[in-house]
Amino acid sequence: GDIFYPGYCPDVKPVNDFDLSAFAGAWHEIAKLPLENENQGKCTIAEYKYDGKKASVYNSFVSNGVKEYMEGDLEIAPDAKYTKQGKYVMTFKFGQRVVNLVPWVLATDYKNYAINYNCDYHPDKKAHSIHAWILSKSKVLEGNTKEVVDNVLKTFSHLIDASKFISNDFSEAACQYSTTYSLTGPDRH
């Protein structure tokens, strides 16, 4: 489940001059902080498409031999359109229920890695929960890219406890599936 910290969300600055065109493509979820209600699937991939006007997202993972996926819309967050900061909104429809997720890109080189972050304040608990994802254009972080990501995580250690990351599995066995299932669409809830 979520990891809670006392008080409000900390003040965080996403990357400046965010380039959605360069960010587009398939990203492998190398690791993530535990997140309540998120899949525990393997072989998790987020694919961002952008044609210069409209953007979309296709998230997929494999669980028990089934490739489950969600399709949604993607746009730069309203407060980031003019500041050019790396904040975007993903909108998924599960039947009548609409879910908006707002990841912030803390760091990326657009070609090899990205570190996404999100914080939610929970007034009932007077606490916030932090979510973070390490993304890569390849199935593993190696060499210089791994070193860069480790160093970036050190600079954000006041926000993200890297020891809490859960690694994803991109082995051939974990990624095998025999059927697909859409989590989004008019008949899903």
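Keep in mind that glycine also has a Cβ here, set from the backbone N, Cα and C atoms.
For Cys9, the partner cysteine in a disulfide bond according to Swiss-Prot, taken from Cys119, Cys175, is Cys119. Counting only the Cα atoms, the space from Cys119 (disulfide bond) to Cys43 (disulfide bond) is about 24 angstrom.
Cys9 (disulfide bond) has a Cβ environment of 15 other Cβ atoms inside 10 Å. Cβ environment of Cys43 (disulfide bond): Ser60, Phe61, Val62, Asn168, Asp169, Phe170, Ala174, Cys175 lie under 8 Å away, each six or more residues apart in the same chain. In the structure as shown, the Cβ atom of Cys175 (disulfide bond) sits within 10 Å of 16 other Cβ atoms.
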